[in-house]
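Per Swiss-Prot, these features apply:
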- 43-141: domain 'Rieske' (DOMAIN)
- 85, 87, 105, 108: [2Fe-2S] cluster binding site (BINDING)
- 213, 218: Fe cation binding site (BINDING)
């Protein structure tokens, strides 16, 4: 398609009516605009602070399709740089992570300090007899880097709102993972990486707001693992949770704001996640009192939930998997998944967390495979001309949004709804059609007000 004006984008997504045209998942022109206006100016997750604890530690990642290296400085601060030599655009760092005193380009040998300064140019005197202003040719620095309770984010846009303002009420939900115990969290093990042939918005939307698929897409896993109270055989250990949470929950909530979203069940027991090892379920019971003191009852009990910070940072409560959906064109995403656990947990519990996350949501995880097949098959369908120009229904519980009076913040709906999907694509369209953050925020404010008027 050819984008000539903003109305061409809003024609593809009508959040107020619950309509979406699947061209948004496949069009290469839209994808290039996303790289510029979403990945070029939204806050993007870079690394967990535990992955770069010491001066000189670095972690290689992406902001959209731009390779970025995140580095711990000598003074303890964190900087991030475009992984691009200023001479001929070669990467200066190929290692996934490590510790270094300098980054040296393998093409012509230009070297940069961990602070990004150009510190050495081979044969400088004879190659540049007129002189070379090295101060001018340091690595391009990501201008905005902030840390939220251990999660390091970056943003190319200096006019963007602060990270805490960008997160909004989503920070309240995020704290349920990051702030359960004194000492915060850390990454356990390495990063698992794999490719899925689908558009990045499909998994981001599902993690943000789709509990609806679980009973159907994951039916076999539910049947095998969701043991009932009194059952003797528990596939994941003697202390495994003894019922599917959706059978016993007293309520269920979906939250949406500014493209972010999550969904969860309100439970009465601190082990309500059927996908984790018995050792993990037991750990949640044993540490519940501390979590409730720090977070309150709702978040301390919130152990079966799905979440996404727009655009591409997702996690699952209880299961301890956190992942980033790195876009690789309009029809492919590179998944980076890692296990995040309480730093205060014992080594045995951390190992159980890692086992649970890998078994369910690693590249060969029994739930991950269900999800990936859905996304890949959707992308295949959208190769067709008629299919990608059709209209899809996004009306679930349209008009049922509300603001709760029980302390759960933000615009909410029942967990089986598409409030999050509508809000995510409204934010997507607002970002693509707005020149400034003032415009983006005003459009979001108007949309949020309409939901609960």
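Placement of Cβ uses the backbone N, Cα and C atoms for every residue, glycine included.
Note: the Cα of residue 213 (Fe cation binding site) and the Cα of residue 87 ([2Fe-2S] cluster binding site) are spaced 49 Å from each other. Annotation for residue 85 ([2Fe-2S] cluster binding site): spatial neighbours 91, 92, 105, 107, 108, 110, criterion Cβ-Cβ under 8 Å with sequence separation of six or more.
For the domain 'Rieske' (43-141), the model's average pLDDT works out to 98. The binding-site residues 108, 213, 218 differ in how many other CB atoms lie within 10 Å of their CB, and the one with the most is 218.
With respect to their backbone Cα atoms, residue 218 (Fe cation binding site) and residue 87 ([2Fe-2S] cluster binding site) stand 50 Å from each other.
A 10 Å cutoff on Cβ-Cβ distances gives residue 87 ([2Fe-2S] cluster binding site) a total of 15 other Cβ atoms nearby, all chains included. Apart from the site residues 85, 87, 105, 108, the chain places the Cβ of 86, 88, 90, 92, 107, 109, 110 no farther than 8 Å from the centroid of the site's Cβ atoms, the recorded [2Fe-2S] cluster location.
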